[in-house]
Structure formats: structure tokens, C-alpha cells
């Protein structure tokens, strides 16, 4: 809010110019603005409204027009409620209230709110009351919460009363229940409660407070105590139907046989542990006796049920008449009871079936036989027929109850299974021999190739079996390897750094598709470290469980060594190419600088001052080209100092469109395709412009006879696979693509395009650092660059930068101009170990009217900063001698001078020292070399700025 107050136009308000505000008002505003509590201040006849940052959320939609407005207008809906307290404060009194109800509009409709606040008078410089200071806190949520708590307590009390009444009702039901019930507690099954039904069952013996074993010894003898122990131990409910219970109602009395239906229900405590058992049951003795009496009359039905199947039939005693047939869906619909043999039986099976029937009649024994029948669809099926004789009291057969089941499918399946078994046995024999032949061939093949061996891992026994080649590779006794070693013993040879990766691959092979492959190191008993490439496959059983893993292993130590030698050779070749190209270009530039300076000295000695200007311009031009070369090298190495800001690439391209068109010339048609609502990116806009211009110049050079140049932006989602291919993290990115219709590039050229000093242009027409600079800048900004091209098909260069979630910076950077003399006694401390740089900066400061103090290292500079000398700005190199760099010196100085402004100057991007762009407020950075005019403007802006 301090910045808002300073930038507010007060000239049109009764408050007037802030320069004329009373000191008392300024002090009160400072107190309010620095307070973490929500506060507002009223001042002057109109009671102009001021507030701090903590108060901003309270204003809601009033925030945009609140500052400086008369409180009566701003808070018109609540002013009458708080006016008496403000007037009391203006009269010199104070007020304080807790949880005051105020009806106010914050969201377009009146709403009830509660506030705690205090009003205090504020005096002007003359001691008169001129304003009011209010501390305020909204307590609406707390008041509403207190109300809700009171309502919840009342509701809880009602629930307690309901639960009490409900418990009393349950107690009445317990006592009046027609069943017997008891509540047992603890592992001893102590009887805590029992209803009249339970007392009646046990003969009204005294049982309450006693364990079952003590009170009911007859229960123990019949095994019911064992059941109680099982329920208490397992927590599983036990239910019995018609259980026999011999009760001894009186000591030494006769046992009375009863039959009971009951349940033992475990009761759990709050922790979920079994704390007791609830017993409930019904005496079903009478029902059991009645059931037994009915069993005789139900024998006929039970015989039918026992023999029931798909078709149920009843035959007379000699099987001459089919008395009843039901459920005959698979048989023909024929009601000729006397001719059932012709209607249903297959002619070829009749003699054997009739013989079996005769034998069953003779022996009065059940009949069971399989035979063929005519089916309802006119075909032939198979049935399994079972029949039992029903005898009278004299043992004579009265009739037969039988059932016939359709077993056609089973018979067909059995026949098919027999054929399959025969085929399977033949295939197993053939494959067994083929596998034996394959294994013999594999052993011969691996034995013929030096270093390749086979291993088998039995997951059931957790043992690994390996041949002689693998045993030798791991340093294991071949006999022991053939007999099998435990998996952990085998893995103990693996290098500790590679063991976690190997375990992860083994686990994945166990749980996923079964394939595994990994290259890892092992420690041989002879002390050497060897590389091994192992491939294998996991085999699963019929239930999907892994049971065996087979694989091969080969030593790759020599291959690794050769690859490392090749990488080192390539690295040294790249370094040679880089240093050679740099020396060539930089020596040319140094020749231009030193030659111009020598000619300048000669012409000055000769007195030919008119010719001095062109040598100065030549030296300056060579210096700028040298600086550009250094910037390209730093961009390539991703060590340049960037000034990343939220940037709208569409806006940046639109601003460069005229420049690009002039650069590429009229023979090339420029087309821009801007994605709508393009997200901003966090990047250095100046370097982004340079990168785009580099790409456009390369595209222009690829189209010497003219063509079409396209610049297109877009949104791009990178999933896991795409991000991995681009060496980026998955997520949303903003893309910028520059496409031309030139001759295109070969794959070899694309592979080298980002290499430093690589160029396809003739000697003297390019440094070969353009694309290297683009690549370095994009990678340093967290993105990636890719080239898509083929000979004759043009080329497209795209780079991807991470999406920035903030808003784009819409402010343009001001151009550097010569700084006029504006100093008024300010002092600047200059710290640099290079005397020439200190001299130049000191002279610039004197030209600007500032006083300068020089220091050659961090310790000397810090000594000045800790003195009483006035220091308005610290200008320091980052890389200083003596063990203390510029950042460390500035941080130490700020502990004594918290508001000290700092300008770092550095020859390269010391990002680790500067904190990767995380500079504190008031700290700025410039990269050498720079124009003295630009430095002068920057110093003036920093000293004059707030």
C-alpha cells in the first residue's frame, strides 16, 4: 500500500500534495503500513480513508476506489453504525468492542457480519485531534461457529435423551422377549445379564456374576464351553439349529433333553477386540419331536428327492407301466404309458436294460444304469437312470421312484477328452524331443562364442543355476554354479551402486511381461570390476505365478572401455575445433583493435587530428564484434547472464516483423502465424529476439533466390514419451517454429548444426556460432531445440519453452541514452580488481556529478561499507580476489545497510554466485563488456530510483 499511496494523485483531493502532510500523519501511516494487523486511518475534515495491506481483503469490491475517499462515501452502508465511535475518538476518547454485529454489503446484498475493533484519536503536529486510527478484525466466522456449537450441543443433549429412552425400551424388550438371552463377558464367559427365558431354560439356577464353567457344569460336559471359547478367540458368529442340550435343572437331578436353535454373537469393544458374547435362542424341542413324527410319512418324498434329476418317473412294481413322468424336456412327448420302452429306449440298449431291471426287482435293490434314449429332436442321447424301490411294511415292492439325468454332453466330453489326451501325449513327446535338441544346440552355440553363458533362476527354491561361462565370469566355483547357489549369494557379486537397479529390473520382470535386460557391474574375486549384459525371460505357471527365469549373460567390459576411449577422443576433437575457431575469429578482432589504436597514437603524434575519428570507430566496431562473439560463446555454453521476464512471444514477433522483413529482403515472403491466446514464457526478451533473428538470417541464407519464410507459435503438450525424446519434463510448452523453403539439410548437417564454429557457408561469411547461441539460450531457459529437414524440402527449426503461469510483462525496455549530469552529493563505492575498469567507472561517476570511492577487493570494500561513510550505491565485480566474491561482500554489507542498492558487473555468467536469477530487491547485474553510456544511464537510474 505504500507504493499505492505514493503514486496516488492527491492534488485534486482535500489532502493536497503529500509533501505538505503533517509529520504526525506520516508517522501514523508508517505505523499502520508496517503492521501485520488489519488497520485503517481517517484524517482531515473529510475523514479521508487510508488502509494497510492486511485490510485490503475487507474492502472487497470497494478496493479500487477506497484510497483517500471520505469514509462517509466509502462505507455509507455502515457509517451510521460506527460514526459514534469515530466521533468519540475525534473528541479525544477511545473505544473498543468485541463481536459487534454490523449489516453491510460486500457481495451486492446486505449480510450480517461481526467485528472486534478499537478506535483511537490521532493528533496533528500542533497536538490537536486530526484523525482516527482503527484496529479491526472480522469475527463473523467465530461468532457463527459459536452459534453452531451451541446448536450442536443442544442437538447432542436431545440425542442423549433419545438414547437413554431407547436403552430403557431395549431393557424392557430384553426382559419380555419370548426367546432366551444372556450376555457373557470376558474370556471366562461371566454371565452379566440373563432374561427370564434363559433362567427358565436352566432351571432358575443362580448364575449372574458367575462364569459359565462355574454356574453350568452340564454345559461344559456337552462341549458348549469349547464353542464359546472358539467364538471369543476367532470373533466369528456361531449358529446352531436343533442342537441337543441335556439340562440338569437341579443338582444331582435327572437330565432333561431339550433341542435348541441359538446363536453365539461376538461383541466387540471400541478397539475392535472381542469383549464378550451375546447368546440368544429358542427352545424348539416340541417342533423337533413333531418333525421326527412326520419323517415316516415323508419317506416316499425323500426317496423321490434323493433320486431326482432332469426327468422324474414312477414305475409300477414290475416296471410294466410308466405311472408318472415329469421334467422330460429332452425326451419325446409320448403319453403311451404301457409302451414306454418303444417310446424312449434305444433298440440296441433294451436287452441289457431289461436284464438290469429284472435283477433289481429280484434283489429289491436300487437300479442305476446308463443307456441311450431317443431325444425330443429325433436324435440319440445318453441318460443316467437311478431308481429305488418303495416297500410296504411286509417288505414287498409297491412301486419304484426314479430319475433320469441327461449325460449326453458328459459322454461327448469324455470321448473328446480321450482323443485330446492321445493327441497331447503325442505332442508332448514330440516337443520334449525338440526341446532337448534345442537345448543341445544352444549349449553348443554358446560354447562356441567366448564369454556368453546361460543361467536359470528357480523362483520357488530361490536358487540360481549357471553354466561354466557364467560361473567363470562371476568367480563362482563351476561345480557350485551347476548345483545352484542362493540368489542373495549370487547377487553379492554385483557392484553396490548397480544392485538397486538390478533388483528393480528383477521385480519388474517378475510382475510384468516377464522380459528383463540390464547392463551392470560385478566385483570379481580377483579384485577387478567387470561389466555384464544380462537378458532373460520369466515363465509363469497356469495360475499366473512366476516360477522360473531363463537367461544369458555376456561380459561387455572391453566394449565399455572402447566406448569410453571413443567418447574421450570425440571430446578432445570438439575442444580442438572450438579453441581453433575461437582463436581465428578473436585474433582477427584483436588485430583490428590494436591496429586502430596504434594508428590513433601515430596520427595524434603527427597532429593529424581530423583522421582520428575513423580509427576510433574502427576500434569500437571491432570491440562490439568481440563482445558479440563472447556472448555467442556464453550462449552456446549456457553461461550467459539472462534477464528472464514473462514474455508474450506473439507480441515480440509482431514488434520485430518489420525488422525481419528488411533483414531477409524483398525476394522472401514473410508469413507469421500467431496462436490465439498464447501463453507467456519466462525468458530474456532481448536474447529471444536475437535467437529469432539468427534463425531468420539462416533461413534467408538458405534461400538465395527467394522463397517463403514462416514464423509460427503454438501450444504444445508433451507427454511422457515426447518429453523423454526432447530431454524435457512432461507438461505444457510454447513452441516457436521458423520454416523456410530452401534446399534443406542432410542428416549429417543436422547432427552438427548446433556444434560451435560449424557452418556450411563459405569462409568469411559466418562464424558458425548462430545456431550454437540459439541452442545455448533455449537450453539455459529450460527448453529444447529441434531441426526437421531433408534435402530439397526446406528446413524447420522449432524450440520449445516451458509455459509460464503468470502474466506477460507488457512494458518495453527503455533505450539507453546519454545520462545528463544529475548528481547532488551522492557517493558510489566501486569495487573491482582491474584498475582500468575502476578508473573508467570513477570518471563516469564524476561526469555524472557523483562522488566515488574505490576498492580493489572484497575485504577492502566491506571495510568501507562497515564505516560511517555515506554510500548510495555499490558497483562491484562478481569475481574478486582474496576469498570474498562480490555477492558475498554485498550480502554482508546489507546486514549493516539493509537498503543498500547494488549493481553487479561480471565478465561471464556466474550464476552459481548470483543465485540463478534470485537476486534480492535492489540488486541488479550487467554483463561485460558494455557501453559506458549504457553504464551511465543504469547508474543514474539506480541512484535516482525509489
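Here the Cβ of each residue, glycine as well, is placed from N, Cα and C on the backbone.
Automated prediction, rather than curation, is the source of TrEMBL annotations.
For the ranges 314-344, 345-375, 376-406, 407-437, the feature annotated in TrEMBL as coiled coil maps to 407-437.
Helix first, then strand, then coil: DSSP counts for the domain 'PAC' (367-419) stand at 12 helix, 30 strand, 11 coil. Just so you know, the Cβ of residue 877 (4-aspartylphosphate) picks up 25 other Cβ atoms within 10 Å once every protein chain is counted.
For the domain 'PAC' (367-419), the mean pLDDT of the prediction comes to 85.
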